[in-house]
Amino acid sequence: MRVDIISIFPEYFAPLDVSLIGKARHKGLLDIRLHQLREWTHDVHRTVDDTPYGGGPGMVMKPEPWGQAIDAVIAEESTPPRLIVPTPSGRPFTQEVALEYAKEPWLLFAPARYEGIDSRVMAEYGPRLRVDEVSIGDYVLAGGEAAVLVIVEAVGRLLPGVLGNAGSVADDSFAPGAMAGLLEGPVYTKPPVWRGHEVPAILLSGNHGAIARWRRDEALRRTAAKRPELAARLAGQALDKRDREVLDQVSHPGDAPAAETT
Ligand code: ADE
């Protein structure tokens, strides 16, 4: 996959040289190219922002440098990229969106500083580049760069060959499959006792069926406790009798004896 990022802070993306994404780049699975937006300005101050029409606080990013930068990048190949513009007013970025992006051969990111990019830029490239304005959460960052890091990591790990263990992707809390819509439960490794805390005995039992059931129970409990809105959505899905017992137990803890966990 090719990824281009146009920003006034290309140095912000140094973390993309590290760890999983850094390795994917070195293996040639991910071709990330950074561009300084100010290269497409033509005044001595290399100005990229101006005051908003209609008044109001803050500054808006000027359309001309963005237009020239995007034109220059997209001219490099015959098939255009998908243009992703991170903004708190975009559609929510979810695992589903990450899976959608992972199918694209080429993504172009346009992270903004200040109050955002002049809206005519999104209008200009809208259908041509399938412009997608996305938000990584209901909070306001100082700029879209951190959102780009989040999105590139979420998408990059889904690309074939990036994760050593393909099962890790299938097990993701938000991936489609048997554990779809469930948060992952607790995990443990050696030693079996640490500072007096024991690993749940079932995980040492070698009984794979019982372990799978225990993991599902824990996932259901955690989802009901921490994300009740996700648990509510499970109600319409294929839940077995035991699933429903575990969920009932979380919502009415006094009604039944504590569920067996070992
Ligand atoms: N830019 C500022 N805040 C953001 C957010 N929550 N998501 C994406 N881009 C942003």
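Using N, Cα and C of the backbone, Cβ positions are placed for all residues, glycine too.
For reference, TrEMBL has these:
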DOMAIN    1-231  domain 'tRNA methyltransferase TRMD/TRM10-type'
BINDING   ILE136, GLY137, ASP138, TYR139, VAL140, LEU141  S-adenosyl-L-methionine binding site
REGION    242-262  region 'Disordered'
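What TrEMBL annotates, mapped onto the structure for a quick look.
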residue : record                               : contacts (Cβ under 8 Å, 6+ apart)
ILE136  : S-adenosyl-L-methionine binding site : PRO86, PHE93, ALA147, VAL150, ILE151
GLY137  : S-adenosyl-L-methionine binding site : PRO92
ASP138  : S-adenosyl-L-methionine binding site : PRO88
TYR139  : S-adenosyl-L-methionine binding site : PRO88
VAL140  : S-adenosyl-L-methionine binding site : PRO88
LEU141  : S-adenosyl-L-methionine binding site : PRO88, ALA147
>> Across the domain 'tRNA methyltransferase TRMD/TRM10-type' (1-231), what does the mean pLDDT come to, as a whole number?
In response: 96
> Which are the residues of the chain, ILE136, GLY137, ASP138, TYR139, VAL140, LEU141 excluded, whose CB is within 8 A of where the CB atoms of the S-adenosyl-L-methionine site average out, their centroid?
Replying inline: PRO88, SER135, ALA147
